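A.B. asks: Can you keep this structure in mind? I'll have questions shortly.
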Amino acid sequence: MARKLIAGNWKMNGSLAFASELVGGLLSRLEQNSTAADFAVCPPAALLGQVTGLTKGTALAVGGQDCHANTSGAHTGDTSAELLKDLGCQYVLTGHSERRTDHGESSADVKAKSSAAIKAGLIPIICIGETEGQRVSGDTLKVVEQQVRESLPDEATSVNVVLAYEPVWAIGTGKTATPDDVAEVHNFIRGLLDRHFDEATDGKLKILYGGSVKPSNAAELLGVSNVDGALVGGASLKVEDFWAIGVR
Ligand SMILES: O=C(CO)COP(=O)(O)O
């Protein structure tokens, strides 16, 4: 069975001291245990150099939280995928709903960023998911299909991208989609991907679930068909909780 990917999105949290403590805690656990899951952390950009310094040569992968679609240039405050790669990242989140909302990112923007990530040798973790209003009006699958179609870059294969289904209403709210809700959407995405790539992508193209994942619900959610891992926000900020999500 393919290994699950447990990725921690720190969002705009952390500090130098926090990062050394959390990463140190994860590294010592990874050294002492063999795990059935792979772990990755996605710290804020300013902490990436420190974190990749600590994780170099270890089993803990690192990802950025965003990248620019261009390789360099006059884009104040942005970070290129090339620089993330140079720093030692393996992943970058693209299209997180907080970026789609806070920075007005469209799926076309997400596609361009994801394409830049692949060209730089990074795996984009492309985030999609419906809002509460869209779910209530019965548009979940329609929204998810549109986001998948419009966000997947042309260079995508079943092994160079990861998708993360994060229903917006379940992010940071403590509300979690039920296993049935998650199964419906993940199975639907799997079908879309199989048709898009004209091959069975099962176990190759990972589809993560995100939205209030914590130790108490991780086993149930990670047991749902076509859930190949988790994208964890709040619970990734505590080493015991993050570890417990991946090691059960
Ligand atoms: O947005 C998320 C991960 O990217 C999920 O956040 P929470 O786990 O805090 O709900």
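Each Cβ is built from the backbone N, Cα and C atoms, and glycine gets one as well.
Fair warning: this is a prediction, and the values are worked out from it, not measured in the lab.
Straight out of TrEMBL:
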type	residues	note
ACT_SITE	H96	active site, electrophile
ACT_SITE	E166	active site, proton acceptor
BINDING	N9, W10, K11, G172, S212, G233, G234	substrate binding site
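What's the neighbourhood like for these features in this structure?
C.D. replies: DSSP assigns H96 (active site, electrophile) to coil, not to a helix or a strand. Within the same chain, residues at least six positions away from H96 (active site, electrophile) with a Cβ under 8 Å of its Cβ are N9, Q65, D66, C127, E166.
Look at E166 (active site, proton acceptor): DSSP puts it in coil.
The Cβ of G234 (substrate binding site) lies under 8 Å from the Cβ of G172, S212, K214, each of which sits 6+ residues away along the same chain. The DSSP secondary structure for G234 (substrate binding site) is helix.
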A.B. asks: Record lists N9, W10, K11, G172, S212, G233, G234 as binding substrate; longest Cα-Cα distance in Å?
C.D. replies: 14
A.B. asks: Where the criterion is a Cβ under 6 Å from an atom of ligand 1, which of the binding-site residues W10, K11, S212, G234 meet it?
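C.D. replies: Correct list: S212, G234.
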A.B. asks: Hey, for the substrate site built from N9, W10, K11, G172, S212, G233, G234, who else sits with CB inside 8 A of the CB center?
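C.D. replies: Filtered neighbour residues, in order: I171, V232, A235, S236, L237.
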